[in-house]
């Protein structure tokens, strides 16, 4: 029988998830708010815009190739997902809401698995006469995600980055559960939807092999995981071809992501830089920028091989900071993953600065956009400058959290002081 503590925890979880559900559905009842958020460039990018997805579905329904116009840059399976429900606003809102709740539920489950692994492996280390405090419980982690303003704004703005985030968190959850097939499939699905999550296959593989000590078994697992990832990705591509009956989606989706051909302003660094760039230098700097996104994956995974959850957070933050089309939906993902490593919080030094940089940029970005586009009293420099402030906040978050994780490990390995 479940004890009173278990029943109390279940009741609290029910209240939290029910409140998150009601809040989203209630806010969706204000269509003006949803439309305003859907039009904000901080939320919707050329590859995550629901308005562009709606146009793609409309073209697809009317027999017009959706990838011919140079406007639709999203994966064919999203066409298949929204094709039967696009005419029902309630079903669309419900799908977004339930997807958000699913991420919160998976974060709760990941925290529980992490706590079990910590207890099993006796990783609560003693520091002198003190025992390290446990991290946040799963319900707190889920609550922080579900009521994060970035998460709510992305959901109300119906950014399709939500489905990539859902696949990423599902992949991490399955990795923590040591389920190779579903872990690799979900990472492949996230890669299919937005390309960059491919580098998360490395920390997920580390999760799958945490209990494996035999080298030959590790090699076997590597081959199995690589094969499952490749097979899943190929299957998704073939299914996409069957759905749209053309391979044009490759250039329109992944070509746009890699070439950054749509220079619609966003919170990232690419658009302004390449607007000002001479065409003859564009290929070189484009290659440098794109390599910069993925070059950290292997070094970070090697250094943090004993902390794959934290490595996943760090790689998601790098994606959100340096990819061509970032949005606050990326921030909702890495800020949702950060509390999974809450034991490092007491070692962080610049929390106040990081919070203020995010608040500062979140408040001023829409104001500067309005002044530039609608009032005409500002220019592109205003909006790009606040995007740089947002990027600085992300970079300081990465640096400070990495320092905190390394400091915690250093103290754990240091012998206790003796008087």
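The backbone N, Cα and C atoms fix where each Cβ goes, and this holds for glycine too.
Not measured: the values here are computed from a predicted model.
If you check TrEMBL, you get these features:
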- 12-30: transmembrane segment (TRANSMEM)
- 77-96: transmembrane segment (TRANSMEM)
- 160-176: transmembrane segment (TRANSMEM)
- 182-209: transmembrane segment (TRANSMEM)
- 221-243: transmembrane segment (TRANSMEM)
- 249-272: transmembrane segment (TRANSMEM)
- 284-302: transmembrane segment (TRANSMEM)
- 308-326: transmembrane segment (TRANSMEM)
- 347-375: transmembrane segment (TRANSMEM)
- 381-399: transmembrane segment (TRANSMEM)
Taking the transmembrane segment (308-326) as the reference, which of 160-176, 182-209, 221-243, 249-272, 347-375 gives the largest number of Cβ pairs under 8 angstroms? 182-209
Could you check whether the transmembrane segment (249-272) and the transmembrane segment (160-176) come into contact, where contact means at least 3 Cβ pairs under 8 Å with the two residues of each pair 6 or more apart in sequence? no
So which of 12-30, 77-96, 160-176, 182-209, 347-375 is most in touch with the transmembrane segment (284-302), counting Cβ pairs under 8 Å? 182-209
Are there residues at least 6 beyond the ends of the transmembrane segment (221-243) whose Cβ is under 8 Å from a Cβ of it, and what are they? 75-77, 79-80, 180-181, 183-185, 187-189, 191-192, 201, 205, 208-209, 212, 249
